[in-house]
Amino acid sequence: MTALKHYLQFKDFTREEYEYLFERTRWIKDKYKRYEPYHPLFDRTLVMIFEKASTRTRLSFEAGMHQLGGSAIYLNTRDSQLGRGEPVEDAAQVISRMSDVVMIRTFEQDIIERFAANSRVPLINGLTNEYHPCQILADIFTFIEHRGCIQGKTVAWVGDSNNMCNTWLQAAEVLDFNVHVSTPPGYEVEPERAGLYGTDHFEQFADPLEACKGAHLVTTDVWTSMGFEAENEERMKAFADWCVDAEMMAVADPQAVFMHCLPAHRGEEVTAEVIDGAQSVVWDEAENRLHVQKALMEYLVLGKVETK
Ligand code: CP
Ligand code: NVA
């Protein structure tokens with residue numbers, strides 16, 4: 001039996017574990033592309049709990065579990081007892097007695113911490129206000145596929161210091177690369193909120209163009225994340241100059257790629273020219289959610305598996 005392990009934030013895993021996961025992802029993806037069945041999680045059940053909307057996360061986890069031979073059950077706050085005040089600790093006790101792995105998309109990180117503390121099975125963070133580790137797992141795998149090792153490289157983050165940004169900062173520490181962050185005044189990174197206490201892997205820039213200079217990967221995200229809709233109007237004004245455009249891509253490394261976790265808003269955080277342009281790898285990035293999460297679920301449920 002494998003030791004109980006959760007994936008609640010990027011720094012929960014070591015660099016060695018990521019190296020293993022990226023190797024497994026490659027293997028699982030190649031097998032899938034050859035239409036070869038692979039069912040290591042036959043008869044296992046994934047429960048997915050969504051307290052916020054999703055397209056990619058639901059689809060990639062549900063399809064991924066099916067492809068690994070198991071099944072997935074979707075719960076949301078609207079039609080489960082979670083939306084009617086059942087304590088998360090009680091829900092964790094019950095749900096984890098009937099499943100093999102659980103994924104939650106919710107608001108505060110504290111909610112998944114409390115679930116994990118009461119769960120008998122591995123728990124995966126499918127996005128919280130603070131972090132989105134599965135997305136950065138896919139993003140880094142995508143970078144490796146296109147450009148090789150990320151160690152020593154520079155990622156430019158333009159926009160909100162949100163869950164994606166926080167997770168990039170954690171990843172930079174674990175995998176030893178640099179992040180240049182540029183946010184509007186008042187939206188700067190708070191290292192403690194990002195789960196960092198002293199780091200030399202990131203630098204803040206007032207000017208987004210400066211942040212993009214020489215970057216190997218330029219990335220951004222929505223100006224208003226889920227749960228922050230009440231701030232939308234003031235954010236639209238504050239973020240107007242933090243739109244990734246051709247000028248920003250032109251000062252980046254000539255081989256730079258553009259990423260966005262999606263959904264995107266053309267004309268807000270990124271121009272159509274950039275997201276639909278030659279440097280954009282957003283569709284590979286989205287697809288890789290499927291492959292990395294299959295490797296992640298396999299690892300959490302079965303532990304390390306030898307690559308044949
Ligand atoms: N990138 C991402 O997590 O997308 P969804 O919100 O559609 O799941
Ligand atoms: N930062 C965004 C990511 C969506 C996938 C949000 O939290 O809404």
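From the backbone N, Cα and C atoms, a Cβ is placed for every residue, glycine too.
Record check: TrEMBL places Ser54, Thr55, Arg56, Thr57, Gln81, Arg105, His132, Pro133, Cys134, Gln135, Cys261, Leu262 at the carbamoyl phosphate site, and the matching candidate among Arg26, Arg34, Arg235, Arg289 is Arg289.
Annotated L-ornithine-binding residues in TrEMBL are Asp221, Ser225, Met226, and among Asn125, Asn163, Asn166, Asn288 the one listed with them is Asn163. Using a 10 Å radius centred on the Cβ of Asp221 (L-ornithine binding site) and all shown protein chains, the other Cβ atoms total 26. Proximity of the binding-site residues Ser54, Arg56, Gln81, Cys134, Asp221, Arg289 to ligand 2, judged by a Cβ distance under 6 angstroms to any of its atoms, singles out Asp221 in sequence order. Checked against ligand 1, the binding-site residues Gln81, Cys134, Asn163, Asp221, Met226, Arg289 give no residue with a Cβ less than 6 Å away from one of its atoms.
Counting other Cβ atoms within 10 Å of each Cβ, the binding-site residues Ser54, Gln81 show the lowest value at Gln81. All protein chains included, Cys134 (carbamoyl phosphate binding site) registers 26 other Cβ atoms within 10 Å of its own Cβ.
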